[in-house]
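Undergrad: These came from Swiss-Prot, pasted as-is:
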TRANSMEM  33-53  transmembrane segment
TRANSMEM  77-98  transmembrane segment
BINDING   HIS83, HIS182  heme b b562 binding site
BINDING   HIS97, HIS196  heme b b566 binding site
TRANSMEM  113-133  transmembrane segment
TRANSMEM  178-198  transmembrane segment
BINDING   HIS201  ubiquinone binding site
TRANSMEM  226-246  transmembrane segment
TRANSMEM  288-308  transmembrane segment
TRANSMEM  320-340  transmembrane segment
TRANSMEM  347-367  transmembrane segment
Amino acid sequence: MTNLRKTHPLMKIINNSFIDLPAPSNISSWWNFGSLLGVCLIIQILTGLFLAMHYTSDTLTAFSSVTHICRDVNYGWLIRYLHANGASMFFICLFLHVGRGLYYGSYMFMETWNIGVVLLFAVMATAFMGYVLPWGQMSFWGATVITNLLSAIPYIGTDLVEWIWGGFSVDKATLTRFFAFHFILPFIIAALAGVHLLFLHETGSNNPSGLVSDADKIPFHPYYTIKDILGVLILLLVLMLLVLFSPDLLGDPDNYTPANPLNTPPHIKPEWYFLFAYAILRSIPNKLGGVLALVMSILILAIIPMLHTSKQRSMMFRPISQCLFWILVADLLILTWIGGQPVEHPFIIIGQLASVLYFLLILVLMPLASIMENNFLKW
């Protein structure tokens, strides 16, 4: 008799995705972040569901309802901080996952990569709308500043912003619709993640060498299931350390002040994971130019496969590209730092230089380095 897990219509899908899946024998811990992102998404959906049971999406009661969750609901503080810091862990895993893809040439799986870019945009949109919900000062002003960027779109800009706001400013209508979108988007993300996996399993995983690994495959279970469990335990350890010892480390103190449209905070800034994009936005003095640079800073990922000029897939054997990759990482860290600084003299010029370097590295220097390395292979 054949095993039920190989014949049952539903079990068969699970079996071919997580048990009998042929996986390269040499994938490193950088391949753990896909499963960690899945775990993050599950944590966010579960904690978010319990928060939604007690939250009210009304401008008069939103802030108080979050306070009520933290003070009066059983373990409400834990659920709230797991959700807030879970978002930070989500983005850490996302950035490492994308970085891995860039380093090892995983972007050559075009469908998987492009769905990944769509997923990145969806997660960023979800996180932005979630940040508005507690209705603190930074929630309100962050929503005002970021939605206002759409007014830079010629001709339809102003109408578009007022349509999104549901009025002439960020108000009750905005908060209610942001809550609705924030609730539905994670389920769309989960569906997209399923499609992401579907396309990945059409080709099989990439590996650190970038070479075809068909001749040397091992079953996903038990080798990578146990490896993923270790990754999950480390993720949960870091998350719990954050939540239980310094839950407000990554947050903004301004968000503990209820939203007040009459009082603008001295420094409006988004959560830490958007600071690099915010720095790129601010480094261009023109509004439309800034918005275009902001969108392009993420959308540039979609054209990375077209910029691949190397004869090798991975950067494992390409020292010049490796150097440029780590310069890019350092540049993004500098942009993140600049995004959190006030707009004044040394920070403005540093931000502008870092923004130029970001696009220069991806569009010019890395493709050129790959061509150079191709020529070295001829010697």
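Note: Cβ is positioned from N, Cα and C throughout, glycine not excepted.
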Undergrad: May I ask whether the transmembrane segment (320-340) has at least three C-beta pairs under 8 Å with the transmembrane segment (226-246), counting pairs 6 or more apart in sequence?
TA: no
Undergrad: Could you tell me what the rest of the chain brings near the transmembrane segment (113-133), counting residues at least six beyond its ends with Cβ under 8 Å?
TA: 55, 57, 62, 66, 87, 90-91, 94, 98, 101, 106-107, 139-140, 142-143, 146, 170, 174-175, 178-179, 181-182, 185-186, 188-189, 192-193, 195-196, 199, 270-271, 273-274, 298-299, 301-302, 304-305
Undergrad: Let me spell it out: take the transmembrane segment (288-308), skip the flanking residues so only those 6+ beyond its ends count, and list any with a Cβ under 8 Å from a Cβ in it.
TA: 98, 102, 105, 107-108, 110, 113-114, 117, 120-121, 124, 149-150, 152-154, 276-278, 280-282, 355, 358-359, 362-363, 366-367, 370
Undergrad: Counting only residues 6+ away from its ends, which parts of the chain sit with a Cβ under 8 Å from the transmembrane segment (33-53)?
TA: 69, 79-80, 82-83, 86-87, 89-90, 93-94, 96-97, 100, 182-183, 186-187, 189-190, 193, 228, 231-232, 235, 239
Undergrad: Within the same chain, where does the transmembrane segment (347-367) have neighbours whose Cβ lies under 8 angstroms from its own Cβ atoms, ignoring anything closer than 6 residues to its ends? I mean 6 or more beyond.
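TA: Non-local partners: 279-280, 282-284, 293, 296-297, 300, 304, 307-309, 321, 324-325, 327-328, 331-332, 334-335, 338-339, 341.
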Undergrad: Report, as a single number, how many Cβ atoms besides its own are within 10 Å of the Cβ of HIS182 (heme b b562 binding site).
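TA: Its Cβ shell of radius 10 Å holds 21 other Cβ atoms.
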Undergrad: I want to check the contact list for HIS97 (heme b b566 binding site): same chain, sequence separation of six or more, C-beta distance under 8 angstroms. What comes out?
TA: PHE33, GLY34, LEU37
Undergrad: Fewest other Cβ atoms within 10 Å: which of the binding-site residues HIS83, HIS196, HIS201 wins that one? Let me know.
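TA: Among the binding-site residues HIS83, HIS196, HIS201, the sparsest Cβ neighbourhood within 10 Å belongs to HIS201.
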Undergrad: Between the Cα atoms of HIS196 (heme b b566 binding site) and HIS182 (heme b b562 binding site), what distance do you get, rounded to the nearest Å?
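TA: On Cα coordinates alone, these residues lie 21 Å apart.
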